[in-house]
Structures are given as structure tokens and as C-alpha cells.
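What follows is a set of notes on a single structure, which appears directly below.
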Amino acid sequence: MADSMADSMVASFWGPVTSTTELCEENYARSSYIAEFYNTLSNAPCILLALIGLVNALRQRFEKRFSVLHISNMILSIGSIIFHATLQHVLQQSDETPMVWEILLYLYVLYSPDWHYRSTMPTFLVLYGAAFAVVHFFVRFQVVFKLHYIGLCLLCIPRMYKYYIQTKDLAAKRLAKLWVLTIFLATVCWLVDRIFCKKLSLWVINPQGHAWWHVLMGFNSYFANTFLMFCRAQQRGWEPRIIHLFGFLPYVKIQKSRKREPWSAKSTSIHESAVCRLGRSGNRHNT
């Protein structure tokens, strides 16, 4: 009895599980400090992909919205690490609330180019995100949360499809297809992990479907971000191209053309024309 109690105390470093969601992974099986080991570590590739995207966005001076988007991907992954490591209800908000905030950012990036009243959209989205965070903190509604999240994701699809049919670049279209493929595979992994958990737990090796959901959604976000950066660069006339890092990971390379004449050349031409006019005026006075 004493030994089992001691094992229980070690196995639950963060205290009793208070989260409303537990996935198909044995708690504290690998470490007394990490409740769901694989679900925690599987967020590491997501952070790396978001960091690569952020560096590219900053290095090529894309609009700030894309830097914020990559940062939101990292925040979501870090929040997921915190939640799956502890399985505490308070820290569950660090995973689920950033999920909604991230989708709100995608809605802004997707719809803002054609939005006539520019200040209304970000204001509404910020207020909506803040209100959701407050309500979700006090109210536990798992089914409603999932339906709400799915609904927000579905709002992104029409705009993504519009960008897909407008884009003629085959490499960019491939990114959109990879976005669809990864979200499909991730959803299958998530559903299998949820529906067949009891059977999977009896296997010698648990396939860890939710961990694969994390990895695939990390790639899904990266492909979506890269595709949207390409489309936005086309809108701005930046001559985008899809390049592959190490022959594998796609990213956007842009060439911002200078349509305006440099200031030094402008000032020189203005000065020369002024001198010519003064010269002609002086000749008329002399005659």
C-alpha cells in the first residue's frame, strides 16, 4: 500500500488531473514531470517550422501580419506543451485559447486585402478573441468549443480556394494541396486516437495519434503560411518564387521591384530642368 501510494505521488507531479480533455496516452509513463510525454514532445517540430517561417518573413521584410502569424503558431505550440505536460484545467486555456486566436489571425490575413473598412476587422477580431478567452476560462464547454473551432476553420476554406484558383504557379498550388492533405491526415489521426483509444491502449506500441496530429498540424500551418505569403507577394507585385530549403522545405523568395525613380535621380533631373528653363528665360530677356 505504501509503495503504491508513493508511486502515485511520483507519477502525478502536477497534482490530480483537472483538465476536461485526456488523450489516448498513459499519464506520467515516461517522466514524473510530463503527464503526456509524446503529446508534449510532438510540439517541438511545430515550433521549429514556425521559427523558420518567421525568419524568412523578417529577412525578406514581409508585412508584419505574417510575422505575427508565425509567432502565433509558436505560442500555440508552447501552450500545447504546457497543457499536455500538466493536464491542468487552468493551463488547458494555454492550448485551446491560442487555437481560436490563431484562426482569427488567419481570417484577417485571408479577408483583409478586400475589406474596405480596414479598422473594423482587426477591432472586431480582437474584441471577439478577448471575449472568447474570458468566457472559455470560466465555462467548460468541450463540445461547443470543438464545434466553434471547426466553424472558424470552415470560414477559411472559401478564401483559400479563391486564392488557389487565382494562382497560376504550380509550386504554389502544390502548397495548397499539401495544406489540404496534412489537415486531412491530421484529422484522421485525431479521430482514430479518440474513437479507438481502448483498443489502441491494448497494443504493444500505441501509435500516438494525437502526437501525429500535432506534427501534421505544424506542417499544415507552415504550408498555409507559405501559400498565403506567396499570394500576398503576388498582390503586391513582388515577383514571388517557391524555393526549397535543403531540397525539401518550401519557402517564398521575393524580388521587390523599384517602380519609383530614386530620389537622387529625381532631384538631379528636376535641377537640370530648372536650369534649362532659367537659361531659356535669360536668353529671351537678352534678345
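Cβ from N, Cα, C; glycine included.
Automatic, uncurated: that is what TrEMBL annotation is.
Feature annotation from TrEMBL assigns Ca(2+) binding site to Glu25, Asn27, Glu36.
Here His210 (Zn(2+) binding site) comes close to Leu23, Cys24, Glu25, Asn39, Ser42, Cys189, Trp190, Asp193: these same-chain residues lie at least six apart in sequence, with C-beta atoms under 8 angstroms from its C-beta. Under the DSSP three-state reduction, His210 (Zn(2+) binding site) is assigned to helix. Per TrEMBL, the feature Zn(2+) binding site maps to His84, His210, His214.
With a threshold of 8 Å between CB atoms, the same-chain residues lying at least 6 positions outside the transmembrane segment (37-55) that come near it are 23, 25, 29-31, 66-67, 70-71, 73-74, 76-78, 80-81, 84-85, 208, 210-212, 214-215, 217-219, 221-222, 225-226, 245, 249, 251. The feature transmembrane segment is assigned by TrEMBL to 37-55 (among others).
The transmembrane segment annotation in TrEMBL covers 67-87 (among others).
Residues or ranges marked as transmembrane segment in TrEMBL: 124-141 (among others).
Per TrEMBL, the feature transmembrane segment maps to 176-196 (among others). Counting same-chain residues at least six beyond the ends of the transmembrane segment (176-196), those with a Cβ under 8 angstroms from any Cβ of the stretch are 23-24, 160, 163-164, 167, 207-210, 212-213, 216-217, 219-220, 223-224, 227.
Same-chain residues lying 6 or more positions outside the transmembrane segment (211-231) and placing a CB less than 8 Å from one of its CB atoms are 25, 38-39, 41-43, 45-47, 49-50, 52-53, 57, 62, 66, 69-70, 73, 77, 80, 102, 106, 109-110, 160, 163, 166-167, 169, 172, 175-176, 178-179, 182-183, 185-187, 189-190, 193, 240, 242, 249-252. The transmembrane segment annotation in TrEMBL covers 211-231 (among others).
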Those binding-site residues listed as Glu25, Asn27, Glu36, His84, His214, and which of them has the most Cβ atoms within 10 Å of its own Cβ:
His84
Length of the line joining the Cα atoms of Asn27 (Ca(2+) binding site) and His214 (Zn(2+) binding site), in Å:
18
